[in-house]
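The structure appears right after this line, and notes come after that.
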Amino acid sequence: MSTEAPKTAKRDFLRSLEGKARSLWDESKAFETNAPTIEEHQNADDLHTTYPKFMATMPYPYMNGRLHLGHGFTFSKVDFAVSYERMKGKRALLPQGFHCTGMPIKACADKLTREIELFGQNFERYEEMALANQLEEKTMVSKKSKIAAKTGNVTYQFQIMLSLGIPREEIHKFSNPYYWTEFFPPQTIKDLNAFGAKVDWRRSFITTDANPYYDSFVRWHMNSMRAMNKIKFGERYTIYSPVDQQPCLDHDRSSGEALNPQEYTALKMKVLQWSDNAKEALASAADALKDKDVYLVAATLRPETMYGQTNCFVGTDITYGIYQVNDKEAFLVTERAARNMAFQKIFDKEGVLRKLADIPGEAVVGTQIKAPLSTLPHVYVLPMDNVLPTKGTGVVTSVPSDSPDDYATLQDLKKKPAYYKVLPEWVAVEPIPVLETPTYGNMIAPKLCEMKKINSQKDRVQLAEAKEIAYKEGFYQGVMAVGEYKGMKVQDAKTKIRDALIAKKDAFVYNEPEGLIISRSGDECVVALMDQWYLDYGEEEWRKQTEQCLTNMQTFTIETRHQFEQTLGWLNQWACARSFGLGTKLPWDTQFLVESLSDSTIYMAYYTVAHLLHQGSLNGQAVGPAGIRADQMTDAVWDYVYKRGAYPADEKDVPPQASLDRLRREFEYFYPLDVRCSGKDLIPNHLTFFLYNHTAMFPEDLWPRGVRSNGHLMLDSKKMSKSTGNFMTLADAIEKYGADATRFSLADAGDSGEDANFEDATANAAILRLFTLHEWIVEQVKALPTLRTGEFNYFDRVFENEMNSNIIAAERAFAMTHYREAVKFGVFEFQTARDAYQLTCATIGMHKDLVERYIVNQTLLLGPICPHWAENVWQEILHKDGLIVDAKFPEPTAPVDEQLMATSTYIRRTIKSIRDAETASLKKKKKPKADDVVYNPNAPKSLTIYVATKFPEWQEQCIEALRTNYDAATGKFDDVKVRQDLAAKGILKNKKVMPFVQEQKKMVEKSGVEGFDRALAFDEAATLLLAVDEIKRNLGFNNVTILKSEDWTEDDAKKAELSVPGQPSYNFKNE
């Protein structure tokens, strides 16, 4: 009984090649890349020209779990780049470190500590408590027990660890945060090796003070930045976690990365008289509010418009609080706003919320308040739809002359006072002119509402459009129409008016997060005003330097450059210290740690020397080949290594200069960094910090040369998400598809800054393609002795030419890091050319030299993408010397023969055209007459091809008219004169003329004056004669006759009426 092969047999075969290739690479230390020693080449000036180099990196992944396929996507870009540059003869270096700094690991470890206390060391009490919860729920449907509160609907950290494949009895070890730094880096190395990574692992390391060498490097970096006055100390606004009691920067967040503080002017509007409903709602809080002035506080971005306040708005569905500011004042705002204010030195007790009363928004309506700067003695609080409790203070100022939203709402209230529960006298106000604009006068909001036909505050789309127009027109074009600064440009007056309001204590500066930010500890972050150490990003001279770095740098896409430019436009001071988590202590203030985005900006320079300091020891506990201890790496020593200072001969226990020169040589050889590949989401923080810090620490010739950013990776056109189950680790993908099919699919997933797409179908197709290609190569290598030799025929030359063209196109794509294009030309088009060649040689056989050349070139072109497969073919089938990863990129045997390319394209196009014409002729046949000869395509048949050797006279006249009236300098036609010339020639009545003229104009506009030249670059009839056998084979004709126009009979001329050079006509008949 035969055994059926498993459905995964092809994948399993490809996977069987992976270990063999990895063993070859490891045994030969293929990816351990060193700089030329000083003994080899003393002069550093021509080091790079004598020994070309390439260094590429991706941001080191965070060590709180296994790599997912998105990591693999970004890593593939840098791995492909290094593979290609190796093939171009460069010493190409790909190092990889592991990030452990910051909050995430510490937060997870602390969660485990709490869970161990709750459930036991191996969480053995969890099931017991969960079962108790289920039993309790059956008997107490309406109440939730304490146990339920602890175990119901919660994903615990230990459960997350189980999902990562960690045995339950091992999980308790992760309550020690440093255990994470020992466990996950080796897992990452294993996964990347399985992927086929070309990493020099000698240079790997973990961050934090767990590695004394890297710890020393970060301290040197921080000290250097402080010495240059790039790090400063002072009071500033920052995102803050009240639970952690420290700043919460991007990598400390579980959501809300790249969000920053948003500054407002908070306007204090004193309550003059509460509405009746408010008095009733606040009756129980009378004592608490006694002797206190209560202010409704509105957060505005437009303080210059406050002269035009006619009222203020609240949300009727929002419950507000009245919070004590000090002994004399209280603010009516949302709890979210009060929570932010509590950390901004606005309240007299920092970090403390003292709520005096709750009051629903609908009860506040009708309250009389004093609006600072308003020309009215008092205004009323009114209701407004869509007031958000998650933005600003929940209280909204109303300037209906300037704000379309305010104007539309006020008109609604005037139309339907009873419906909105307001008294007519509360809304008996008209818009007050504030700004004068060139386009809309001094009533910009009413004008825009009229123009856009906005009838209600519910017209949200039109209002959003009007709001944007009003802001841009008012701010950039407007001048003040009232007040102390009347006649001044709004842009100039805004700050002055804000400062005046603050000076009079009618307003204050208020900040809040731009959106919802949740810390790793699970709390909602606020903005705090606090003393802290910060990097002075945005400082004018430093920013100009960094902009120059960007100007000189390759970004591969214009979108990446624009994103950098935008970030440089807004990025400013960044807190560089925290008090909780893992990391390096701030050298001059050891109560703080260096935050995780600040110890990660120039570590690419550390890669250059790490192998000499602690080769292969991730935590730096072993001394490396240079024989230098971590405590010997002082600031002065680092300065010497990185060419920032002289050899510190006067220091105690300084390493020998010769040892430091070895480190220095590695740095000066591999720097500057050639390309950094990363997700585009890191441009607003890490990647821009990377540029800033390099410009501060190193001279211009050592600034980064390139950054390549990519989008996120989707799975089968859906966002990758653990919660939806549409998620895959790198290890999962390798297990499912094999390393090479995974790499192939990642290369084909996309190259732009848009989100890429990893498709299951593409990966499975890659398995089939690689397996089938492998079988074909084995078969052809065996058959080589029997293949045709001797002089190349026409189709041999076509195939060779197409291989050359695709090699050139693939190399261009590799050089530009366009890997989908590299796969297109280096695999898909390459194999299409082979398949076409194989078919044309069906009777005489393929040429031995070309088959050999194809196999070698295809193997080399696949080498960067599918290295395990390529290494197997190289070693086991072709028996080549050396490794494929050390082989040179394939070279074309000759420049591309454009004429030969044109003839082969013409032949393929003509065969398709004949097939289409034959099909069309059958469809056009009406019911035949008795004496008609019916053409049967399935019977023996012959073909006549009518080749025109010149264009029709009317077409030549059109071309002449166009050529005469074309201005090459501007690329424009004088259409009036063209028509006049055509009319003079008497051909305008021909219905074919104008469509032909329009088509020719498009060709000239696309190609320039060359578009006028329609002569073929080859002999059309001679080319068709070469293709006769191919036409017969493809289309089944017994005989093919080619007739040039000079050989046509009168009957032929009728049949060939539509023939023009390059587009012959055809006649079909049965024999």
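Including glycine, each Cβ sits where the backbone N, Cα and C put it.
Under the heading compositional bias 'Polar residues', TrEMBL lists 1062-1071. As annotated by TrEMBL, domain 'Aminoacyl-tRNA synthetase class Ia' applies to 25-112, 269-758. As annotated by TrEMBL, domain 'Methionyl/Valyl/Leucyl/Isoleucyl-tRNA synthetase anticodon-binding' applies to 796-928. The domain 'Leucine--tRNA ligase RagD-binding' annotation in TrEMBL covers 947-1014. Residues or ranges marked as region 'Disordered' in TrEMBL: 1051-1071.
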Close approaches to the compositional bias 'Polar residues' (1062-1071) from elsewhere in its chain (Cβ under 8 angstroms; 6 or more beyond its ends): 906, 910, 913-914, 917-918, 921, 933, 935-937, 939-948, 1014, 1016, 1020, 1024, 1038-1039, 1055-1056
Across the domain 'Aminoacyl-tRNA synthetase class Ia' (25-112), average pLDDT on the 0 to 100 scale: 95
Interface check, the domain 'Methionyl/Valyl/Leucyl/Isoleucyl-tRNA synthetase anticodon-binding' (796-928) with the domain 'Leucine--tRNA ligase RagD-binding' (947-1014), three or more C-beta pairs under 8 A: no
Structural state census, the region 'Disordered' (1051-1071) (DSSP three-state): 5 helix, 8 strand, 8 coil
Composition by DSSP (helix, strand, coil) of residues within the domain 'Methionyl/Valyl/Leucyl/Isoleucyl-tRNA synthetase anticodon-binding' (796-928): 98 helix, 1 strand, 34 coil
